[in-house]
């Protein structure tokens, strides 16, 4: 599951890709965005894996479900963090939004008072994810959180919001950085994982309906599709 370009996300200032200061951001992303990412030419790009992604989610017989869920949630956190680090310098967005202008962050009034732009809010979301993941057991025999499903849901929800923001506000930067296959594969992983273990409710994914249809050839993640 560590197929991306790194593991845990470093400090924002250490982003590997430098921006020119004004390209790649779309602080006014809204209903009129072009959504290139829904076009087959782009949505079909995936990282070549050793096996079908859906089959890689099958829980090994000798592994507890809690351990399997924690393994995937941790890997997804690392990969989404790596993707956001790649576009970090491009993100000058005032609001933390997704497709169609859906708002994932605090209200505009609160954001202004706290001077919380999209980048700051995403950093806060990733920090909360890291705090929750820090409560996962790291040694054999340690007990899992009694509310692991809830904690995993909080993490996955944040990660899906961040991915949605990257697609809707920074897809042009993703194209230039040649990260479309990486972004699509990580997003497919998130959606297929959620469909398999029901971590986040389907109604919370409505804003990703067009993207899901594109990534899964017109089907939902729950219907899947066995080929990449």
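Every residue gets a Cβ built from N, Cα and C, even glycine.
From a predicted model like this one, the values you see are computed outputs, not experimental measurements.
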State the residue range annotated as coiled coil by TrEMBL; the candidates are 52-79, 80-107, 108-135.
108-135
Which stretch does TrEMBL mark as region 'Disordered', out of 1-33, 166-198?
1-33
